[in-house]
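Annotated features, as they stand in Swiss-Prot:
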type	residues	note
BINDING	Gly7, Ala8, Gly9, Leu10, Ala11, Gly12	FAD binding site
Amino acid sequence: MIVNVIGAGLAGSEVTYNLGKRGIRVRLFEMRPKKMTEVHKTGYFAELVCSNSLKSEDITNAEGLLKAEMRLMGSITLEAAEKARVPSGKALAVDRNIFAKEVTEAVESLESVEIIREEVTEFDPEEGIWVVATGPATSDGLLPFLKKLLGDDFLFFFDAVSPIVTFESIDMERAFWGDRFGKGKDYINCPLTKEEYEEFWKALVEAEVIEMEDFDRKLLFERCQPIEEIARSGKDALRYGPLRPTGLVDPRTGKEPYAVIQLRREDKEGRFYSLVGFQTRLKWSEQKRVLRKIPCLRNAEIVRYGVMHRNVYINSPKLLDIFFRLKKHPNIFFAGQITGVEGYMESAASGIYVAYNVHRILKGLSPLKLPEETMMGALFSYIIEKVEGDLKPMYANFGLLPPLKVRVKDKFEKRKKLAERAIETMKKFLEENPW
């Protein structure tokens, strides 16, 4: 039987690769580059559109634990990330183009995978196995069919992307290198005095934004909230948020600045840097004007402006079973951010999970739920079984895991024990239920 996968993002690529490398015939549909979305720039698979950071690898961090579990199950996302890694302190950050190219070439190399560069606008829900992994930027051509298939259980939130500037246009006479509390030198820090901060804040809150159809401030998801929305919540909101100076000492003064804008490397050569936490929906002309208020970026060359787009996801608790299958059509699976998991790694992890169970079904076995002691199992259980009311996008966090049997007061030690339990549980699960 052929497995049809719609969408070659992180989740779709994981589904395709994990099935294809095991000899399962897969037909992968990807409309790019023939038809582009409003946020993608290339035709590569697994293109990262929000940030180039895949976050922490430390297992005492929820994102790091998630990665550890994904490696145990097998992840093309993490294999490609290792080859595309750029310096980013304790975080795993990648060169976007190298990363996407690595994933694309890995999928294309599989003999059992057929790649069709066409937009899917409909399919027969009664025939074959389908995996819908079209992501938050699902095409307008497919949406009407999905709405007809699913009913009115579509939700959405708004997402925003940060600007990118060239390294050579940054005033390094005023900027300084460093991570918080002296842990490395991977970030460029642009310090602001009180007067400079207030001038920047005033320009930001007064700047014109791009209005969007159906825009509602309450729909802005907190992890990608536009910087101008944060600024409007209070004059010091940025100083306690993305511009907080904590742990960053300016070597010129020997003190923490009043506020700091951090820039993170975007490519291996270090030619481009993105503004950390600067997701925005400002008009492009306003972005240029506002960034000029930052002394280190007074002459910055912006190579990608921040943009904002609407993300689509489905009401998974109502529509899907725990294996991410449609309750009405169990031959149709959903994977990735369209299910309500939030984040790059969470999206990729859901693709691995779907591939694992599709593989079991094709072998004549029953699908399996991952143990809730694992981060993957806890996240997927929350999305499908534990949400009350309408689903809100959810990312990996330790609050999802069942408590330890013995109370541990120290926060770090508690997370360490939760992580160790999760990894051991996943290892045992895979030993008993291998691919």
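Every residue, even glycine, has its Cβ placed from backbone N, Cα and C.
Within its own chain, Ala8 (FAD binding site) has Thr16, Leu28, Glu30, Arg32, Phe45, Ala46, Thr104, Val107, Ile115, Ala133 as residues 6 or more apart in sequence whose C-beta sits under 8 angstroms from its own. Surrounding the centroid of the Cβ atoms of Gly7, Ala8, Gly9, Leu10, Ala11, Gly12, where the record places FAD, the chain contributes additional residues within 8 Å, namely Val5, Ser13, Glu14, Val15, Phe45, Ala46, Ala133, Thr134, Gly135, Ala335, Gly336, Ser347, Gly351.
Counting other CB atoms no more than 10 Å from each candidate's CB, the binding-site residues Leu10, Ala11 peak at Ala11. Ala11 (FAD binding site) carries a helical DSSP state (H, G or I).
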